[in-house]
Amino acid sequence: MKHLICKNEEQVSLKYDILIVILGIGGFISAADNWFVSPILPAIASEFNTSIPRTGIILTLYMIPYGIMQPVYGYFSDCYSKVRILKLIICGFALGTCGCAFARSLFVLSVWRTVTGFFAAGIIAVSLALIGDTVPVSKRSKYVGKFMGIVFLGQGFSAGLGGTLARYVSWRVLFIFFVAAAICTVFLLFTIPKGNIVHVNKKFFTEVKCVTLTPSGKIIFPMAFIAGFLFLGLYSYLGAYFHYALKLNYMECGIIVMFYGFACLGAGSIMGKLNVKIGYKNVIILGEIFALMTTLFLINFHCWEMGLVATISLGIGYIFVQSTLATMAFDVASDSKGLPSGLIGFGLFCGGGLGSVFSGFVIAKISYQLLWIIFFIFISIFIFVTYKQINNE
């Protein structure tokens, strides 16, 4: 009897693992398509004969629609099939990415990055909602951590590959690779059941109001916005900093930033156990401390070795905070999983978009060093706010 129970549990776990791999591929290319741009901003700026802060607008033009559309896709994924919504938006993502690959000016590239961000917005949020519908409560944190680890492995891996291609071939090649990967992902999605459909009687904005004004919603959604501003704003210009301040070439910048993804994957693999052992609040604070350490490394050490340590520390911190907030969002509304997941993404990437603009402004007007000091102060305040506002679980 015990053998049969163990065998059944193994089969169920295998089903969840397969689901995470398929969804993870979609999330991988979504994050990779976004973040491989950061370390190759100098190459893009050079090709279009413009400055890095000006070229950095393509980060913001991706992240703003990426954030705004997440709750919209989350809402409709609750009303309709999550798998069907995923197929639709990944096809749109492939179209936008193809346009980026063949853009001949910064303006055209900016337009296609906006289109790509518009469609890519729902990939991670809807995937998280599908995990929330499929995986039991006791195992959600574990599989959310695995999924987010794969997603941000894409972020880091693409940075390394992007830097190499920017130096030896062209930054455009990776966009073409993402188009092919997106098409393959759509076919893999046909192997997944359609998922739960929730009959939502309330209109979109009414439902958003109900979800955001819950006791948990009042805390975790603003926290997602602040985390996006701080963590993604800090990450956005790391590649450019390594290139100009530390005099590394594009490939070397990409390789260092790639370890951000490896750190995310490693941290994501232990998320489930860590949340059970020390609670959501302490995991978030631990993640914020890792981000604080990143700023200290960047302020006090100006060599590639400590730049690598800072990048790894930021990756660990980000996954601890983001994955924990995403897991907490599942419990905001009893029936709806898509909308809360989308609202987390909305806060995170709208905050990240504004954080990138802020970082670009400080770099253009003053220096990288002042930027790291400002983020050190902001993250210190964020740790204090987290300690006061979140109840441990």
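Each residue, glycine too, has its Cβ placed from N, Cα and C.
Where the annotation comes from TrEMBL, it is an automatic prediction and has not been curated.
According to TrEMBL, the protein carries these features:
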TRANSMEM  12-32  transmembrane segment
DOMAIN    19-393  domain 'Major facilitator superfamily (MFS) profile'
TRANSMEM  52-73  transmembrane segment
TRANSMEM  85-105  transmembrane segment
TRANSMEM  111-131  transmembrane segment
TRANSMEM  143-165  transmembrane segment
TRANSMEM  171-192  transmembrane segment
TRANSMEM  219-242  transmembrane segment
TRANSMEM  248-271  transmembrane segment
TRANSMEM  283-302  transmembrane segment
TRANSMEM  308-330  transmembrane segment
TRANSMEM  342-364  transmembrane segment
TRANSMEM  370-387  transmembrane segment
Considering pairs 6 or more residues apart, do the transmembrane segment (342-364) and the transmembrane segment (85-105) have at least three CB pairs under 8 Å? no
Apart from its near flanks, which chain residues at least 6 from the ends of the transmembrane segment (219-242) lie with a Cβ under 8 angstroms of it? 35, 38-42, 52, 56, 59, 63, 67, 159, 163, 212, 248, 252-254, 256-257, 260, 284, 291, 294-295, 298, 304, 307, 311, 314, 317-318, 321-322, 325, 328-329, 332, 343-356, 358-360, 363, 368, 371, 375, 378-379, 382, 385-386, 389-390
Please figure out which one of 12-32, 248-271, 370-387 racks up the most CB pairs under 8 Å against the transmembrane segment (283-302). 370-387
Ranking 111-131, 143-165, 171-192 by Cβ pairs under 8 Å to the transmembrane segment (248-271), which is first? 143-165
Recorded stretches the transmembrane segment (12-32) and the transmembrane segment (370-387) touching, at least 3 CB pairs under 8 Å: no
Would you mind listing the long-range same-chain contacts of the transmembrane segment (370-387), meaning Cβ under 8 Å and 6+ residues beyond its ends? 223, 226-227, 229-230, 233-234, 237, 281, 284-285, 288-289, 291-292, 295-296, 298-299, 359, 362-363
Near the transmembrane segment (171-192), which same-chain residues lie under 8 Å Cβ to Cβ, leaving out any that are not at least 6 residues past its ends? 19, 22, 25-26, 28-29, 32-33, 36, 40, 43-44, 47, 83, 86-87, 90-91, 93-94, 97-98, 100-102, 130, 158, 161-162, 165
Looking at the domain 'Major facilitator superfamily (MFS) profile' (19-393) alone, can you tell me the average pLDDT? 82
